């Protein structure tokens with residue numbers, strides 16, 4: 001369905017949990033352990049109910065996020081049941097990759113088509129530094145197993161000043177021999193991210209252009225999402241740029257989000273939305289739930305305003321909202 005600005009909203013992102021098995025420095029405090037109680041999370045049945053009603057009004061793609069979605073029990077069955085909904089054309093997962101390698105075969109067999117894996121460095125010492133407790137080999141193993149099981153892979157990378165800027169060319173080489181898309185995502189000033197200085201995608205592109213033959217400039221190659229892609233001579237995969245800060249893409253936004261506790265967010269930046277979990281637990285019918293979702297989608301804000309401090313901005317961290 002369309003929102004009031006005429007944008008076709010066909011993509012639902014649902015966060016299964018705020019829990020994570022890493023503590024990435026720009027996302028979560030090192031000693032954080034105060035997570036949403038299980039009884040406050042949407043149950044898997046409630047999640048499935050939301051997906052069904054969203055599908056009935058035009059949602060075609062579902063992405064499961066977190067936190068780290070694979071720390072939530074029952075993910076395989078949830079994907080299996082979502083895959084039975086006729087209107088849903090694609091089920092995707094955003095993950096840090098630590099637990100994915102040993103689960104991807106079963107996930108794929110039950111309907112998972114794509115994964116986005118967060119990876120900011122190819123150096124073990126830096127990986128430990130940024131994630132605090134992670135193991136790089138597990139992520140690389142997960143990428144390998146995804147390719148073996150025909151699950152399409154996108155790598156999400158954040159470049160930070162004075163941390164991994166010198167690895168840009170090494171990182172894009174992941175897309176050289178493999179059909180992997182690597183996307184550079186500009187750091188957004190949410191939660192712990194406000195403490196770091198990110199590198200703009202225009203600067204990253206210039207670094208790439210100095211060393212590689214770019215076949216397309218990315219100005220028009222946008223494929224059903226916020227990323228603009230370039231092709232590099234000899235590369236099997238593409239290089240993408242998600243420039244939320246320097247190149248606002250809100251006019252093409254096609255998504256709606258639901259947090260772990262069932263709050264349907266109209267926009268990542270703003271605090272507007274409605275708690276679907278509470279409505280369901282208060283006994284509303286499927287038809288009433290559908291109408292609430294339709295109204296929330298229709299009232300989606302025109303754009304974010306991350307560059308300005310606003311009284312109505314969402315103060316929560318990314319892992320609480322759903323990355």
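Quick reminder: no glycine exception, Cβ is built from N, Cα and C everywhere.
Under 8 Å, Cβ to Cβ, and six or more positions away along its own chain, residue 154 (GTP binding site) finds 114, 115, 116, 117, 180, 181, 182, 183, 240. Residue 154 (GTP binding site) falls within a strand segment according to DSSP. Feature annotation from Swiss-Prot assigns GTP binding site to 13, 63, 94, 154, 255, 256, 257.
Per Swiss-Prot, [4Fe-4S] cluster 1 binding site is recorded for 20, 24, 27. All protein chains included, residue 24 ([4Fe-4S] cluster 1 binding site) registers 22 other Cβ atoms within 10 Å of its own Cβ.
DSSP assigns residue 67 (S-adenosyl-L-methionine binding site) to coil, not to a helix or a strand. Cβ neighbours within 10 Å of residue 67 (S-adenosyl-L-methionine binding site), excluding its own Cβ and spanning all shown chains: 29. The S-adenosyl-L-methionine binding site annotation in Swiss-Prot covers 26, 67, 118, 188.
All protein chains included, residue 253 ([4Fe-4S] cluster 2 binding site) registers 24 other Cβ atoms within 10 Å of its own Cβ. Taken from Swiss-Prot, the feature [4Fe-4S] cluster 2 binding site covers 250, 253, 267.
The feature domain 'Radical SAM core' is assigned by Swiss-Prot to 4-233, with sequence analysis given as support.
Proximity to residue 94 (GTP binding site), judged by a C-alpha distance within 10 Å, picks out 67, 118 from the binding-site residues 20, 24, 26, 67, 118, 250. Taking 13, 20, 24, 63, 67 as the binding-site residues under consideration, the smallest Cα distance to residue 253 ([4Fe-4S] cluster 2 binding site) is found for 13.
Along the domain 'Radical SAM core' (4-233), the predicted structure has mean pLDDT 95. Between the C-alpha atoms of residue 267 ([4Fe-4S] cluster 2 binding site) and residue 27 ([4Fe-4S] cluster 1 binding site), the distance comes to 18 Å. Distance noted between the C-alpha atoms of residue 26 (S-adenosyl-L-methionine binding site) and residue 20 ([4Fe-4S] cluster 1 binding site) is 14 Å. In this structure the C-alpha atoms belonging to residue 255 (GTP binding site) and residue 24 ([4Fe-4S] cluster 1 binding site) are separated by 25 Å.
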